Structures are given as C-alpha cells and as structure tokens.
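Can you keep this structure in mind? I'll have questions shortly.
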Amino acid sequence: MIDAIRSEWAKTWTTRSTWFTLAAIVVLGALFAVLFGHAAATEHARMTAAERAAYRPAPDFRPLIFVQIAVGYFGLRAFTVEYLTRTMALTLTTTPRRGRVLAAKAVVCGGLTLAAGAVTGLIVVFVNRAVLTSRGVPVNPLAEPGMLRVLAGPGLLLALLGLIGLAVGCLLRSTAGALVVTIVMGVFVPAMASLYPEWLARLILSYWPITAGLRLLSLDGDPDLPGPAAGLAVTCTWAAILLAAAYVVLRRRDA
Amino acid sequence: MIEVTGLSKRYGDVVAVDDLTFDVKPGAVTGFLGPNGAGKTTTMRMILGLDAPHAGRARVLGARLADLPEPMRAVGALLDAGAVHPRRSARDHLRCLALSNRLGRRRVDEVLDLVGLTAVAHRHAGGFSLGMKQRLGLAAALLGDPGVLILDEPVNGLDPEGIVWIRTLIRKLAAEGRTVLVSSHLMGETAVTADRLIVVARGRLVADTTVEALARPDGVLVRTPEARRLARVLVTHGASDVDPAGDELVVRGLGTRRVGELAAAEGVVLYELTPRRASLEEAFMELTR
C-alpha cells in the first residue's frame, strides 16, 4: 500500500499541472475574498440604521464556492488524466489491486487538498477581514466561540470535496464530463436554491455536499439547519458513498 | 509460464476471443500471430487482468496477476507505447512505475541504458517518436527484471536498426530462460524472432506450431529445356508428383541432390535447381482464412 502511495505521490509531483492547480486553489480563494469583501462592504454602507444594528459580523466563506471547482478538478484529474493518456493500463498492471490504486490516489489527493484547503481557508478569512476593516465595516472577534472550528474547518471540507471530485473522475473517466458534474453539483445546484420551492431549498441546504459542509463553517446556529457536526457528517457520507461507488465500478470495469 | 484455458470474451454480440487455450513456455520466444482484430490484444489484456473474461482463465506463473505481491518482478508488459503522460519526463515516467513495486533509482537508470534512452531521459515523453516510445515502453516492461514478458506489437514504429535491435534483445531475453510472448500481425517479422507460433483468427486458435513446421520444404523447382523428358525419368526413379509447365518442373518425393544426379546421368541441361519452401505468408493466410 505504501508503495502505491509513493507511486501516486511521484505521479502528482512530476507534472506541472499539479502546481498550477494547487496555486489556482489558493489564488481563487484570495481573489474572491477580496471581491466578496468589497461587495459586502458596499452592501453594509447601504444599510439602514436598523439593519446595521441587527448586523452580526461573521466570516464570509462564499469564495469557497469557486475554490471548490479547482479542488474538485484537482481530485478528478488523478483519474481522468490516466484515462486520457492511457496510462491506466500501466498503473493497473503494476498495481493490479484496484482498491489499492483508488486508496493511494485518495490518500494523496486528500492530503494535498487538506493542506491547500487549510491555507486557503485562512487566506479567505483574513483577506476578507482586511478588506472589511479597511472599509470601516465591523468584523467579529477572533476569540468568538466557534472561531477555532471555523478557521480549521475549510481544509477538512475542501479535502472531502476533493475526494468527491476524485470519485467522480474515476466514475466518468473523462475530464470534461467530470468537470461539468463538479460545477453543476458544486455551483449550479446550490446557486439556484432561491428558485426552488422552499422544501427543496431546505433539503439542498441541509443535505447537499457543499451546502451541508458549509454548515461546519457557520456561526449562525440556525436551528432549522444542521449543526456543524451534522453538516460535516453529511458531506462525509457523500464522499464515502461516491468513493464506494468508484471502488465497485473500478473493480468491475475493464481497464 | 503463461497458461490460458478456455478464455472467452464478448463485446455485446461480437465474440472477440472464443474458447482460447494455449500455454507459453519459458526459454523460448512465442509468436502470437493473427490478422488485425483477431483478438490478440484482448487476450493479452485478459492475461494481465485488465479485462475480465466471460469464461475461462489466464494464469501467469500459476497465479492471477492480482495475486502476485510485486507483479513487475514477475511480469513485464508492453501493450501501448503511446501510454505516457506527454508532460512527464521519461525518467520520471519509469520512476513512478518503479516506486509502485519497490524498485530503486539505480534500476531505472539501468533500463534506460539498456534501451538506449539515457541521453534523452530528462525530456518529456510527449515529444518522443513512436520508436522512442516503444523503447520507453520496453524499459517499463523490463524494470522489474521479470521472468515473463508480454509484448504487443513491439516492432511497430521502429526503424530498421531498431527492428534488428529489438529482435536481438527479445531473443536474448528468451535465451536467459524467460517466457516471452510477442504478438504481431506480420508473419515474416515473427518468423525470424519466434521459435513457437500461436496463430489466432477471429478469436479462435487456428495453429499452435513451430516456424519450421510451417515453413517445411515443399518440393524442388527445376528449370530445364527438356522438362518433359526429365519428368519421365524422375517418375521412374520415385518422384511422386511431377508437374511440368513450359520449361519448369516442380518435383516432390526427391531431393535436390537426387534430381541433379539423375539429370546429369541423362545428360539433361539444368538452368535452375532449387528447394522450394512454402511461403510463410501463404501458410499464414491459409491458416487464418
């Protein structure tokens, strides 16, 4: 198993696109933290006095909606590139235990997206706070209860989304197809929540991988939505189901 | 040692491999011959555990490939020379494979040297010619110094120098006691490399034979101005089948030496006296029709 992981680790670092994708994860986080920070500041400036009094500052993780596309791409590539370059046959003759190949890719993908996600999460929070502070908008105190979870959570959430991307890449084999699924699942479905009937919107907010996972990073304590642990559990379940499906398909399918 | 027993594979209604049984023994080059689409690659993929058979089984060294602990040390395969990441260097490509089976950097350098790619090992494999990719694929197959080699059309894309090189290498690997299975759709190429031949057509085994058996002598060709007279003489001396046509004779049942002696005794002038061999290509086409 350790040899399979070392092989996957080497594959990951011997192509330049790994660097580009990891850089994209961090840069997208910083970029959208600035954009959303300014948008929030503008919105704050237009608020009435009553609205301002009710305003409760909290970290803004909307940038992660965009970051997750890069993270999903990082995950799905691990399989789709091997199918594109036809090296899958080589991988499976040198490591014929297919579960081992999947596990090794999951370890490498999970580890790197955890690290990149953790860094990106901190950048998102602190860039956003810097923008808001510079525009005179109040930010919440770092010592607020739950802030440790909010600061440590993005790595975990993005690693799970990376693993979902990995599973989708394994199932679909094509980069374009898997990327479309990642974008539709990660962005389109949650972004259109306001168009759905309320029961469906609530269902998606509570049980969709990205929206449920974002509950981990929330400080609002909304009693109608899952708490941080429950939200994380939902995303974990999605990742587990998709990885199990990927395992079954990879074992049965002709390489 | 490769054992294939009752192996079958269907794709929908199309039968790609149909109840194939053969084995490949160590210490010899076994040619796996058949026209394009005969099921050679599919059979090799099933031996390697890449595709699942609908019936039958394939064993390498008595086991399924998935049950071998470090398969590269047992089996090396070259299926598809184009299977490289275009932006990964040749050395990194081999290094990634080597790591999965606990093989060191030194072995990577050794096989690069063996296939003559040391000077270009740092270059991206995507820029390689087909011939260089074949060499890289062969290097990957040899990484684990395996006792069994499965090579699918390894001659494709090589220049004449490369063809001679790979022939020599394949023969050397077999002489070292390895089991070598080499597929090809070209009879002539296989005949000069292989000892044994397994011929398939439309997924079925049509011959499990040797090059000598397939290319056995087939009569003596004689050209002479007195074809009819010589024919009569030869028949009285035991020729079984003499077939004069113009100034040519094809004689069966007598060797070149005896035909020459009889012609001299009769004072018949000969322009040509040649042992005739059945053309391998003809034999191959006959078999696979």
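Quick reminder: no glycine exception, Cβ is built from N, Cα and C everywhere.
Relevant sequence annotations retrieved from TrEMBL are reproduced here:
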- A:20-41: transmembrane segment (TRANSMEM)
- A:61-81: transmembrane segment (TRANSMEM)
- A:102-127: transmembrane segment (TRANSMEM)
- A:147-169: transmembrane segment (TRANSMEM)
- A:176-196: transmembrane segment (TRANSMEM)
- A:229-250: transmembrane segment (TRANSMEM)
For the transmembrane segment (A:102-127) and the transmembrane segment (A:176-196), decide whether they are in contact, meaning at least 3 CB pairs lie under 8 A, counting pairs 6 or more apart in sequence.
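Between the transmembrane segment (A:102-127) and the transmembrane segment (A:176-196), contact is absent.
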At least three Cβ pairs under 8 Å linking the transmembrane segment (A:229-250) and the transmembrane segment (A:61-81), pairs spaced 6 or more in sequence?
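No; fewer than 3 Cβ pairs under 8 Å.
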Is it the case that the transmembrane segment (A:176-196) and the transmembrane segment (A:61-81) have 3 or more CB pairs under 8 Å, with pairs at least 6 apart in sequence?
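As far as Cβ distances go (cut-off 8 Å, pairs 6 or more apart), the transmembrane segment (A:176-196) and the transmembrane segment (A:61-81) touch.
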